[in-house]
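**Student:** According to Swiss-Prot:
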- HIS44: active site, proton acceptor (ACT_SITE)
- GLU71: active site, proton acceptor (ACT_SITE)
- HIS192: active site, proton donor (ACT_SITE)
- ASN8, ARG19, GLY193, GLY214, HIS215: 3-amino-2-oxopropyl phosphate binding site (BINDING)
- ASP10, HIS11, ARG46, HIS51, THR101: 1-deoxy-D-xylulose 5-phosphate binding site (BINDING)
- GLU152: site 'Transition state stabilizer' (SITE)
Amino acid sequence: MAALLGVNIDHVATLRQARGTRYPDPVSAALVCEQAGAEGITLHLREDRRHIQDDDVRRMRPLLKTRMNLELAVTDEMIAFAKEIQPQHVCFVPERRQEVTTEGGLDVVGQFEKVKAATQTLAAVGCDVSLFIDADLAQIDAAIACGAPTIELHTGAYADAETEEQQQAELQRIIEGVEYAASKGLVVNAGHGLNLDNITPIAAIPQIHELNIGHSIIADSVFVGLAQAVQHMKAAIQAAR
């Protein structure tokens, strides 16, 4: 069975915010993605609100027919917002104001008690909590100890590798992380920097449950349309196994 496709629609909002307009509407984009075959919709409400806005999340939540995967920093403000919205899934991610995009995995080891408390708080209101981490065994063990049922492994280093040797080394690290986490009973997702050129080796890993992909799909949609861009990525994922 192929991995599921979660489409991240953040960069529809990026395009809107670039001009301060009301269009394009990320809620409308999410519905198109669902109709095109996406099995979930991912969006990141950043502390600086650089793309997705609170109102986007509120409007989208009751309209989705699949699942909302809301990415958030581990802060009191964001935890309170998630308790209000109650998305099916919450993925805790690291966040730095000066970064262009999320640059690495969450350091669960270094802020264990904080992450554990946040995980338990949202689990108590019915959210399936995942932690966006690097494929590092210590971080995976910490995620387990937090009580998170799901992790999402950061594929950025694989996607950004400049040589074939580097990419293969990163792929092997991801495979080992996936296999270890799955052997411990975790649901394992993956994402960041994935596109049609590099998706196949990741999508071929049998234990990966879902792949969350955004920027490359939105970029491809400029040329082929959003529905077709989603379908192209879904076809590539399905062909990998």
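Here, residue 1 is simply the first one shown, and the rest follow in order.
Here the Cβ of each residue, glycine as well, is placed from N, Cα and C on the backbone.
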**Student:** When a 10 Å sphere is centred on the Cβ of HIS11 (1-deoxy-D-xylulose 5-phosphate binding site), how many other Cβ atoms does it contain?
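**Tutor:** Step by step: centre on the Cβ of HIS11 (1-deoxy-D-xylulose 5-phosphate binding site), count other Cβ atoms within 10 Å, giving 21.
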**Student:** Quick one: which of these recorded positions, ASP10, ARG46, HIS51, GLU71, have their CA within 10 A of HIS215 (3-amino-2-oxopropyl phosphate binding site)?
**Tutor:** ASP10
**Student:** Using Cα-Cα distances with a 10 Å cut-off, which of the recorded positions ARG19, GLU152, GLY214 are near HIS44 (active site, proton acceptor)?
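**Tutor:** Neighbours among recorded positions: none.
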**Student:** If we count other C-beta atoms within 10 Å, could you say which of the recorded positions ARG19, HIS51, HIS192 has the fewest?
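**Tutor:** Each of the recorded positions ARG19, HIS51, HIS192 was scored; lowest Cβ tally within 10 Å is ARG19.
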**Student:** Quick one: of ARG46, HIS51, GLU71, GLU152, which recorded positions lie within 10 angstroms of GLY214 (3-amino-2-oxopropyl phosphate binding site), measuring between C-alpha atoms? Sequence order, please.
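**Tutor:** The recorded positions passing the 10 Å Cα test: none.
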**Student:** Where does GLY193 (3-amino-2-oxopropyl phosphate binding site) sit in DSSP terms: helix, strand, or coil?
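**Tutor:** Where GLY193 (3-amino-2-oxopropyl phosphate binding site) sits, the three-state DSSP reduction gives coil.
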**Student:** Which of HIS44, ARG46, HIS215 has the fewest nearby Cβ atoms, counting only those within 10 Å, among these recorded positions?
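**Tutor:** Per-residue Cβ counts within 10 Å for the recorded positions HIS44, ARG46, HIS215 bottom out at HIS215.
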**Student:** What is the biggest Cα to Cα gap, in Å, among ASN8, ARG19, GLY193, GLY214, HIS215, the residues listed as binding 3-amino-2-oxopropyl phosphate?
**Tutor:** 25
**Student:** Cβ neighbours within 10 Å, counted over all protein chains: which one of the binding-site residues GLY193, GLY214 has the most?
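**Tutor:** The largest 10 Å Cβ neighbour count belongs to GLY214.
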**Student:** For GLU152 (site 'Transition state stabilizer'), which residues in the same chain are close in space, meaning a Cβ under 8 Å from its Cβ, but six or more apart along the sequence?
**Tutor:** CYS91, SER130, LEU131, PHE132, ILE133, VAL188, ASN189, ALA190, GLY191, ASN212
**Student:** Return the residues near ASN8 (3-amino-2-oxopropyl phosphate binding site) by Cβ distance under 8 Å, restricted to its own chain and a separation of at least 6 in sequence.
**Tutor:** ILE41, THR42, LEU43, HIS44, GLY191, ASN212, ILE213, GLY214, HIS215, ILE217
